[in-house]
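Structure first, commentary second.
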Amino acid sequence: MKFIDEALIRVEAGDGGNGCVSFRREKFIPKGGPDGGDGGDGGDVYLIADENLNTLIDYRFEKRFAAGRGENGRSAGCTGHRGSDITLRVPVGTRAIDNDTQEVIGDLTKHGMKMLVAKGGYHGLGNTRFKSSVNRAPRQKTNGTPGEKRDLQLELMLLADVGMLGLPNAGKSTFIRAVSAAKPKVADYPFTTLVPSLGVARVGADRSFVVADIPGLIEGAAEGAGLGIRFLKHLERCRVLIHLVDIMPIDESDPAQNISIIESELYQYSEKLADKPQWLVFNKIDTIGEEEARERAEAIVEEIGWEGDYYLISAATGQNVSALTRDIMDFIEANPRVEEEEKAKEEVAFKWDDYHQQAMQNPITEDDWDDLDDDGWTEEDDEGVEFIYKP
């Protein structure tokens, strides 16, 4: 299945149903009074996280999703039926962004998590609501309000504990193959990895972490070179970044310069991401021997001013890989994921009671509404008309 991590869709909540202007007409009750019912509320649009999905491909071609409209009110005090809601299933880790305002509506980070993305319109009032001691035959009603309509940008960000950084051919995919059962493609040419992949690394019987591999970065990625930086968003939720460096590049490039390139591109993309804990890991030490690799690593670390720890491994042979994974596991257990506190729900600008109060002050009169019923009938219209009343 093709990996799609972005989709632009339009969601339309249902409009509220209009109120009804109607009067009770029964045998022996010549002045039955108003009995027009309220309309129904419009349907809402929700997103729900589903752990069985791993791509947004379902929204690549189908772009518009509309909830049901609330039914209009009816006579005999009948309230209109509420519009049907719709729920769109998305992968866990999906972020919803309003495409017009760029407001982040929310993140779906757990299976079954549900989020409202478009609120349905509120119902209109029937003429029964307007009766009073001085207005016994009201011919006023209110219409329902429109439902929200939004263009949503859906972005899938993988949920991983560890993120891999590095130039193309640094050995990131080989490392994931060494520590997990994942089998990303490995070859001796740049950009073998074209889409992100996940692997579960197990350390012992009951300890494990998830590692994410993304396509390699090159100089100028922030300006769109290579595959650009569109996949860096998948590292935003990682707790630690593993910067994998080829200690003896086949193109004879300077490893210290390569490290600086990645750090620069990372900083240009996001300062927050650049400030995450990073571990420097020198790979492919089997090509030159561990002693020479250690000497080269010390020189590189001194040149770039690296103050943290660093590791020497060979992902191809598995040398020192187990020790690295154990240290990663210890770090993850010592730094549990901090759950983002749910934002306090802000007061909605639209308030139900306020709307009804304003609507009753400015109702739609018989000169405004255009319902095709006899609710605007007057006594003058009774002349020459026979009424048939139901018992």
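Using the three backbone atoms N, Cα and C, a Cβ is placed for every residue, glycine included.
Feature annotations, reproduced from Swiss-Prot:
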- 1-159: domain 'Obg' (DOMAIN)
- 160-333: domain 'OBG-type G' (DOMAIN)
- 166-173, 191-195, 213-216, 283-286, 314-316: GTP binding site (BINDING)
- SER173, THR193: Mg(2+) binding site (BINDING)
- 361-391: region 'Disordered' (REGION)
- 365-385: compositional bias 'Acidic residues' (COMPBIAS)
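Cα of SER173 (Mg(2+) binding site) to Cα of SER314 (GTP binding site): a distance of 12 Å. Taking all protein chains in view, 24 other C-beta atoms sit within 10 angstroms of the C-beta of LYS284 (GTP binding site).
It is LYS172 that, of the binding-site residues GLY166, LYS172, VAL195, SER314, has its Cβ surrounded by the most other Cβ atoms within 10 Å. DSSP classifies SER314 (GTP binding site) as strand under the three-state reduction.
Note on SER173 (Mg(2+) binding site): other Cβ atoms within 10 Å of its Cβ, all shown chains, come to 24.
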